[in-house]
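As written in TrEMBL, here are the features:
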{"type": "DOMAIN", "residues": "13-505", "note": "domain 'Major facilitator superfamily (MFS) profile'"}
{"type": "TRANSMEM", "residues": "79-98", "note": "transmembrane segment"}
{"type": "TRANSMEM", "residues": "104-129", "note": "transmembrane segment"}
{"type": "TRANSMEM", "residues": "136-159", "note": "transmembrane segment"}
{"type": "TRANSMEM", "residues": "165-187", "note": "transmembrane segment"}
{"type": "TRANSMEM", "residues": "199-219", "note": "transmembrane segment"}
{"type": "TRANSMEM", "residues": "231-250", "note": "transmembrane segment"}
{"type": "TRANSMEM", "residues": "262-287", "note": "transmembrane segment"}
{"type": "TRANSMEM", "residues": "307-326", "note": "transmembrane segment"}
{"type": "TRANSMEM", "residues": "333-355", "note": "transmembrane segment"}
{"type": "TRANSMEM", "residues": "361-385", "note": "transmembrane segment"}
{"type": "TRANSMEM", "residues": "397-419", "note": "transmembrane segment"}
{"type": "TRANSMEM", "residues": "482-501", "note": "transmembrane segment"}
Amino acid sequence: MSMPASTVRNALFLATGLAGSFLVNLSAQFASTNIADIQGGLSTTADEGSWILTAYVMGSCVGVVTSGLLIGALSIGRYLVVSSILFAAAAIACAITTDVGTMIAFRGVQGFAAGGFGPAAFVAIFVVAGGPRLPYAVIILAFALLFAGTAGPVVSGFVEDSFGWRALFLIQGAIGALLAFAARLWVPHKASSWSALKADWVTITLLSLGLTSLVLVLNQGTRRFWFDSEIIVWGTLVSVAAWVGLIFAIRFSQLPFITPRLLVTRSFGIPIGLNFLLRAGLVVSSYLVPQFLGIVQGYRPLEVAELMLWAAAAQLIVLPLVWWFLHLFDLRVTMGLGVALLAIGTMLMVNGTAFSAGEQFWQALAIYSAGQLLLLAPAMVVGTASLKPADLPTASLVFNASNLVGTTLGIGFISNFVIERQKSHSSALAESASLDDALGADRISSLGPLASRAADNVGAWAASQIASAAQRQAWANAFADGFLLVAIMLMLGTVAVFAIGRSPPLRRAIKISPDETP
């Protein structure tokens, strides 16, 4: 018996929405994982190159904020086609440019185009899989979002090692073209409704300014020594002014853009808080582990990619277990198990030393990655269960914004913490270490000049090796402090899990009607 055409259309619509979110999130990891090679290819400094990443996230924030209005005006099908083409064109421009300024500009455009794929996936699952089937679509979306972030460094590491960094942007171009083709064929296209653009643009502008300036401050703060930089000072002032203005604009708006009261409900606000916590905790796999291995052991992206394979495998293995647990236990049990695995996996990384390599991280990283899905899937199920159609614009915006800001906040805060701790550990090691009785009072930082003056080449080499080893150990200790801080932060999620209240297990499989069309 053949499947009805309406069911096929629904399935293809949902698949396109989920695939768009997955592929764009996967490719978003390409530049961050290989930023050192991109900077080298463009012959630019680390400070200039950092804007390649910052511009993308800032553009994504604007894309998330404006996506709801643009989807309403263009229809979701036309919006996805336009966004996919824009994403592909910007990616190809990044692949062929030789100027860092041009790269930064196109990365901002690419981020804007990418920002709407998350909200579009949100729309797709509610249109196609509303009602009793919604939890199942939400679980798949949770897996797609997490697995994309885990698999991104794996794919980019192998591609960059084989074909160079420009191939990463060419792949993004191919992804955009593929999504444009799929959206044109399988996503519903309706007549344009320009009246949807009649909105409170003051609120929209203030929210965009607040998010983008906050991202700028968090992304660039550590590198620019925070308020020693005028950019950070002005960015902070703009952000504070925008958020204060937003509060007043929402209060007196005649065309409400978002409904803040949704955030204070237990069934939505707490799951969003858990999602924010999880995103901040992603600093473990997106910053701490790669930076530890890169700085302490000199790992290249390909070697980090090989390690991240264990994390990706763990999420694939745990997916059916998540599905089973959600039908078997109160959803808080699965969330609590997820928080526990996140904290345990992170704690296992605390004991890293200057001699630790990938072999010492793979088990802990696998445990940590499994915990991500065990926490996020039930949290999203709880958070979406009570949403009404009028709540969807706010829910979609807040969820996707929390993804961006949570990740940015986690990396910004922990990177600054690690750098400060490295300075402290370096000073402590310098004070306590001694080469022999004659050098016992000298700091390790003085070994470089001493070695250059040494007549004995062997002595000079030994001095430089000791200084290098001490610096690696200082970094290892600083990263260990970072892992410990994140583990403590993640354990706080236990309080939020129990605060959600009773969340009964899911019902068994729902029969899908063949007669529903989006």
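Each Cβ is built from the backbone N, Cα and C atoms, and glycine gets one as well.
Nobody curates TrEMBL annotations by hand; they come from automatic prediction.
With a cut-off of 8 Å on Cβ pairs spaced 6 or more residues apart, the transmembrane segment (136-159) and the transmembrane segment (199-219) reach fewer than 3 such pairs and are scored as not touching.
Contact between the transmembrane segment (333-355) and the transmembrane segment (262-287) is supported: at least 3 Cβ pairs lie under 8 Å, counting only residues 6 or more apart in sequence. Contact check: the transmembrane segment (165-187) against the transmembrane segment (79-98) gives at least three Cβ pairs closer than 8 Å, residues 6 or more apart, which meets the contact criterion.
A Cβ distance under 8 Å defines the sequence-distant neighbours of the transmembrane segment (361-385), meaning residues of its chain 6+ beyond its ends; these are 134-135, 138-139, 141-143, 145-146, 150, 267-268, 270-272, 274-275, 278, 282, 284-285, 289, 292-293, 307-308, 310-315, 317-319, 321-322, 325-326, 331-332, 334-335, 337-346, 348-349, 352, 395, 399, 493, 500, 503, 506.
Remark: the transmembrane segment (104-129) makes no contact with the transmembrane segment (482-501), by the rule of 3 or more CB pairs under 8 A. The transmembrane segment (482-501) is not in contact with the transmembrane segment (199-219), judged by fewer than 3 CB-CB distances under 8 Å for residue pairs 6 or more apart in sequence.
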